[in-house]
Each structure stands twice: as structure tokens, then as C-alpha cells.
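Taken verbatim from Swiss-Prot:
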- Cys20, Cys23, Cys35, Cys38: Zn(2+) binding site (BINDING)
- 20-38: zinc finger (ZN_FING)
Amino acid sequence: MGSGTAPKGRRNHTPTHIKCRRCGKRSYNIKKGYCASCGFGRSRRMRKYSWSHKWKKKRNLL
């Protein structure tokens, strides 16, 4: 039939992302080995960009 629900049902049920050791968010990719939120595992510096203002709001810098 189609390639909708059935292939998704056969997918592996282990989580892609787990809790990050540095930022605490559930965005550490097990296969890639780095955090999508803070960049842990890829760089020593915290991942932040000028186009992303949530981190500024969190620290009351705006």
C-alpha cells in the first residue's frame, strides 16, 4: 500500500535523543554523539547564535 504508518511501526524503538549532561535538555543525539541544543560533544563552547534569542531571554539579557 503506502509508506505511512507501517514503516514507522517497524522502526527501532530506542530513543534518538537522551538527556544532555551539560544543559539537561533531551537533545543529546546518541548516534551523532553531540547535543543539538548546547553543542556538547562537538565543541567546548556553548552553542548559541544571534538568530536564536531564547538563550538571551533565559538569562534576562534582552
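We number each residue from 1, going along the chain as drawn.
Backbone N, Cα and C define each Cβ position, glycine as well.
Counting residues 6+ beyond its ends, the zinc finger (20-38) has Cβ neighbours under 8 Å at 14, 46-47 in the same chain. In three-state terms derived from DSSP, Cys38 (Zn(2+) binding site) belongs to neither a helical nor a strand segment and is classed as coil.
A count of other CB atoms within 10 A of each Cβ picks out Cys35 as the most crowded of the binding-site residues Cys20, Cys23, Cys35, Cys38. Residues Arg21, Arg22, Gly24, Lys25, Ser27, Tyr28, Ala36, Ser37, Gly39, Phe40, Arg47 surround the recorded Zn(2+) site, their Cβ atoms falling within 8 Å of the Cβ centroid of Cys20, Cys23, Cys35, Cys38, which are themselves excluded.
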